[in-house]
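Visitor: Below, the features straight out of Swiss-Prot:
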- Ser126, His127, Tyr280, Arg297, Tyr361: substrate binding site (BINDING)
- Asp189, Asp199, Lys201: Ca(2+) 1 binding site (BINDING)
- Asp300, Asp303, Tyr305: Ca(2+) 2 binding site (BINDING)
- 1-21: signal peptide (SIGNAL)
- Arg236: site 'Neutralizes the sugar carboxylate group at subsite +1' (SITE)
Amino acid sequence: MKCLKTLLVSTTLLGAFSLNAEVTLEQQIKITDEGLHFDGRNLDFSNVGSPDTGEKYDYFFGPNISAHGDAVKTYKHYVFMTWYKGGKNERNVMLSRYNTLSGELSTIEFPHRHTGFRGDPLVGESHNTIGLAVSPINGTIHMVFDMHAYDDNNHGGKFKDDFFRYSYSVPGAAELPHSEFTLDKFVKDTSEVSQGDDDYKHLTMTGDLGDKGNFARLTYPKFFTTVDGTLLLYMRLGGNNNGAYVFNRYDAEAEKWSTFTPFNENNQKSKGNPYNWGLYGNMKYINGKLRVGFQQRSSDNTDKYKYQNGVFYAYSDHPDGFGDWKNHKGEPMTWPLINSDEIKVFEPGDYISHTEANSVYIVGSFDWTVTEKGDIHIISKVRSTDRNRPDYEEVYIHSYKPAGADEFIISTDFTGASEIYTSGDNVYIVGLEGGRPYVEKAQGGTNNFVRVYKATDGPVFDHGTLYIKDGKVYYYLMERTSGNAMPLYLQIIDLDLESDANAPLVSFPSPSLTVEQGFEKLSLNISAESPVEGRFIQSVSLYINDELVRTDDSMPYLFGHGSKPHETGAMGWLDTHEPNPSPLPAGTHIFKAVAVDSEGDSAIATMVLNVNSNAPIVSFPQESLEVDEGFEKLSLNISAESAVEGRSIESVSLYINGELVRTDTSLPYLFGHASKPHETGAMGWLDTHSTNPSPLTAGTYEFTAVAIDSEGEESTASMQLVVKGEPQPPAVTWPNSTVTVYEGYEKLAITIDAESPVEGRDIQSVTLYRNGELVRVDTRPVWNFGHSFAPYEFGAMGWLDRHEPNPSPLGVGTHTFTAVAKDSTGLEGESDMTLIVLSLPGPSITINESDVSLLTEYQNLAITADASTANDDITIVSLALYLNEQLVREIYEPPFEWGGENYSDELLDLPVGTHLAKVVATDSNNNQTEASMFVTIELLGDLNKDSVVDNKDIRLFTAALRNGEEMNIRYDFNDDGVVNNRDTRGLVHRCTYSRCGSN
């Protein structure tokens, strides 16, 4: 089935649907050549910290930010459009106004630039769209822009006092002349949190900073205008699986917005709901009412849905939505909503066969609308989560409830669409095929789409967004070129509603009927007439489920009359009628009447016929059941009865995973009773029961009951049994179980490995705790913490220029980090890592000389040292030399040398003895380290080391010479270059006592 990227739209046709309207392109206008577009890589958390720093503009989520979101609106004969300015270094918020009468284009450039993903301007953020509105009461322009659930504290406080961005103009600015349509018509922020003299962004819409908490953590702005001209704004509060829709109101007379009011509560679990949930859909003001339609994303990760499930719809009978909310049946709901089941319409996940956890995926291609006469249309898509599985399934669904009908018609005969807009009674699909616009239309309350327009030339477009007003489509488009600045266009497409007014008026007696299977009679008198004088109805054709029944060319247009009893699916009611061999079976059937007038114009009406089944009604005690592996007892009392008086139940058969267990032919239809304990997979529970040799093991089982009545008609019911085995939680692994760093460390980024040991289970989240306190929950692999957008998670200081120093770094000590992984069944596994933070060591110091031994009267002594620090951010302040704890000299820069040039005598004249030389190094953290050596000074001539020079030393001297021993050159007293007997006299002259000399 070919799938097109489409939009679904509706507009008025005065009660009839014409197939002959001439939809035309009325105008095409180039708005700019410089619309911002993200042309780089689609990043994730594993690489978002290293975006392209060149020309390419990398992005997170999606590449579109201009001609995206709530970006085009009309006011009188003007069309207003918002966009961001390309390229990468521009990014300004822009507002353009096109005058459809004069062709004049005016553009205002705002100082604010797109801040990028979580505050990084190098990474584009497609969710940060610009919402736009013009008050029809006072001509003020309102813009809310460039935000994604920001508050004062998240993302390192980057958005403090700037997490909500609202700009507005003075009254009447919307229709000022071209020369006066300028930036100064917008109101500056002069509050205490103003970002400067050119700040046109306001932190609240009320003007009161005391309300700022009401404007935090919001995303996706969209404005609406009520029937009396009041502006409403709705946004999403919170996150994907715990969020709420909130809305506020503009009082044009007071020129003031209210605070936001919730449609539903978030944190629903704390208010009694079994789980938290978020909304994926829209709030819209359509047909005079505020309405909501969405799919639910719950925090329950054990069901078969990967993300969203269900279709939910509600509307308010209050003119501004402040109360009186109801479901599609008109039944009151709790407001604010807590339990979403109060407004559930149906479950798209039932339209594919998968039942395993997280196997069903219904993200995207969802939207809804309501026509002017009250037809509700909802589109959705469901597919297998795993696109590679051999039994892959994908279904597009168009569910619609014609005005006056009680229930929805669910059709899978639908090619798909992405968004819906409404204005009247027709449904339109507007989209791009081959990059060029096309339009298809169907009458509201039907699924009969016909293509009525296709562009064949002109620019090829990449994407667009649209707004419909008074029968015209304002299609705001980005041309498909290249780079991060691409052209933007406005196309105005006329839907030709005037010709639709000439279409015939055709209707069934009722929009819906309900009959019992085997109904005898259904006669339908179809009303058809032309609203144009002089025209007449040429024919009326009846179709059932899109198959032609008959064409009638004369009044009355009666189908199913006495001569043709079977044509409406009835059995026949007269004695002359043979039983219908092909009566309409149980189910929902669409009757369609096509009226054609004398000018060839045609119109369609539809009716829903519900045929109630005569088959037995059969059910299990409950739809699903969980037991532990090895369960002893499972008794199932299956209910079965006939819907038709006089019939009886002949048998009920039980199947497990398609295999017959047993057929029971008498009440009660009880399986797994005491006489047959094993047939439902149980072990047995009485002393008389032997152990089941083939019990049901861990897994999911489909139980099916087939009931057959006395006429041979059968019905089935099913129950899912989950047999739980021993828990197999995810395995969590750190790269290293212990990491050691020094105090003040700049960077610590760690990727955690988490996987389930069970095939088919996915890791839904990894949560990091530091010393028992929550750090962050990551819901998208790779499970990377401490990356450049979260540099402080492991207590580091930060390492990029844009990182402010961590105000709370981890101190010296041992810290425990715990990673908790949760899988798609809700099981959790965890693992710890120990982080040891050491004090920064003092400097390393080395004295280059070993211990020194010298003789008195030595002429030189030098000591040198080298020192280094623990890291490059620390410097050496000084090295100081101490001799015997007395400072010699402190040196503040290398070379570190004492006794060298310019200081040659500072180490001379040391007395006899051993001296401690100590060098103390001091670094810029005031840490000190020391190294030491010994300097020994001996008395010259005291060869026997008795502290005097005497005859004993002279004898030792002469004996050494006789023995040829090498002597210190200092004993060359006569300076002839050798030490010999001639130096004995010199030694004698050094005798301590004069007597030695005379001797």
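Placed from the backbone N, Cα and C atoms, the Cβ positions cover glycine too.
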Visitor: Three states by DSSP: which one describes Tyr280 (substrate binding site)?
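Guide: In the DSSP reduction, Tyr280 (substrate binding site) maps to strand.
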Visitor: Round to the nearest Å and give the CA-to-CA distance linking Asp189 (Ca(2+) 1 binding site) with Asp300 (Ca(2+) 2 binding site).
Guide: 43
Visitor: Measuring Cα to Cα, how many angstrom lie between Lys201 (Ca(2+) 1 binding site) and His127 (substrate binding site)?
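Guide: His127 (substrate binding site) has its Cα 18 Å from the Cα of Lys201 (Ca(2+) 1 binding site).
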Visitor: Give the sequence-ordered set of same-chain residues, not counting Asp300, Asp303, Tyr305, with Cβ within 8 Å of the centre of the Cβ atoms defining the Ca(2+) 2 site.
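Guide: Those within range, site residues removed, are Ser298, Asn301, Thr302, Lys304, Asn309, Ala357, Asn358.
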Visitor: Among the binding-site residues Tyr280, Asp300, which residue has its Cβ surrounded by the fewest other Cβ atoms within 10 Å?
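Guide: With the binding-site residues Tyr280, Asp300, fewest surrounding Cβ atoms within 10 Å: Asp300.
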Visitor: Give the maximum pairwise CA distance in Å, whole number, for the residues Ser126, His127, Tyr280, Arg297, Tyr361 listed as binding substrate.
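Guide: 22 Å is the greatest Cα spacing among the residues binding substrate.
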Visitor: Which site among His127, Lys201, Arg236, Arg297 has the most other CB atoms no more than 10 Å from its CB, taking these as recorded positions?
Guide: Arg236
Visitor: Which has the fewest other CB atoms in a 10 Å radius around its CB: Tyr305, Tyr361, the listed binding-site residues?
Guide: Tyr361
Visitor: Tell me the Cβ contacts of Ser126 (substrate binding site) under 8 Å, same chain only and six or more apart in sequence, or just say none.
Guide: Phe38, Tyr59, Phe60, Phe61, Gly62, Pro63, Asn64, Ile65, His68
Visitor: Between Arg236 (site 'Neutralizes the sugar carboxylate group at subsite +1') and Tyr305 (Ca(2+) 2 binding site), find the distance joining the two CA atoms and give it rounded to the nearest Å.
Guide: 22
Visitor: In the same chain, outside Asp189, Asp199, Lys201, whose C-beta lies within 8 angstroms of the Cβ mean position for the Ca(2+) 1 site?
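Guide: Those within range, site residues removed, are Ser167, Lys188, Ser194, Gln195, Gly196, Tyr200, His202, Leu203.
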Visitor: Closest to Arg297 (substrate binding site): which of the binding-site residues Asp199, Asp303, Tyr305, going by Cα position?
Guide: Tyr305
